[in-house]
Amino acid sequence: MESKRRKGILERLNAGEVVVGDGGYVLQLERRGYVKAGHWTPEAAVEHPEAVRQLHREFLRAGANVLQTFTFYCSEDKLEISGNVTSITGAQINEAACDLAREVANEGDALVAGCVSKTPCYVKSRNETEVKAIFKKQMDDFLKKDIDFFIVEFVDHVEEAVWAVEVLKTSGKTVGATLCISPQGDMQGVPPGECAVRLVKAGADIVGINCHLDPLTCVRTVKLMKEGLEKAGLKAHLMIQPLGFHTPECNFGGYTSLPEYPFALETRAMTRWDIHKYAREAYNAGIRYIGGCCGFEPYHIRAIAEELSAERASLPPASEKHGLWGAALEMHTKPWVRARARREYWENLLPASGRPKCPSMATPADDYEKQLASKILT
């Protein structure tokens, strides 16, 4: 299926437009019964296309300008290790995911991003030739289909991300690269600013952060990337697609080291009002590609689009069913609820968890993280 002519990602960003990304797929589809936790592989694109299509459609309706292919952890080595797939190939998943994203993107004015993520091969061998061969195979699958650009995502070693960018740039398409790292840097101790420099020198057109930690922490990390680029005299567009959960611990290993991961994260969930603040902070930091990753649901994406509606000169279709800043509550029968139909109320609310015996913060598996980091660095 060929897409109609629309402005490309760089055309939009070069013009100063705000591009709203989509949200998280693997956690949402696990909760809906279509992804198996653990290895989080995306065979649902073949087994249950209706589920993936529906989530794409919800993100599009919420205001997303880009739909990412549901190809997270879809390298052949990851699929083999997972044991989740025995009769479906990575190529079949990649191609089906491209078709689903394009089908829904064509219902609006969205672009399709073909996505690759970190590979088990890198951790196991650190063999550049082998790792690049894996990325090339995925790239070749995507190029058979109608994608608009590439995104490298969820990579915690900048070296592997650089290898992915170098491969994907041979396609001639735009490449965005996002790392899942903390403000302290990647798993080898490379600072965010240096990570950004390496990615841009490898050919990345857009650089930033995804997943791992909460939105405001990720904004801080992108700022460090921006500073690194400025010091090096390099330019690139900035993007951010953070975690949709509060992680005040700001630990080196991210949310997978929290005791609530992955089945008890609900009490850490961001509210739509948290996302309004995040969207504004990201915009003020000079970031123009703003989306979400794990934990970001369609209403979170709508919150980004609504917060930046003046800059975008539009509201998404999903806002037809949502009064801005609670305005729809003006029609409520109870006066104390009607009193909440104002921005000041929601901006200043301190939500209760309803769990009096629970701590406000947890103790991450820091010992494991430090041991792992020490092992990597030596």
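Backbone N, Cα and C atoms are what each Cβ position is placed from, and that goes for glycine too.
According to TrEMBL, the protein carries these features:
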- 7-308: domain 'Hcy-binding' (DOMAIN)
- C211, C293, C294: Zn(2+) binding site (BINDING)
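Of all Cβ atoms in the protein chains displayed, 29 besides its own lie within 10 Å of the Cβ of C293 (Zn(2+) binding site). In sequence order, G24, L27, F154, C180, N210, H212, Q241, P242, L243, G244, G292, G295, F296 are the same-chain residues whose CB sits within 8 A of the CB centroid of C211, C293, C294, the residues recorded for Zn(2+) being left out. Residues belonging to the domain 'Hcy-binding' (7-308) score a mean pLDDT of 96 in the model.
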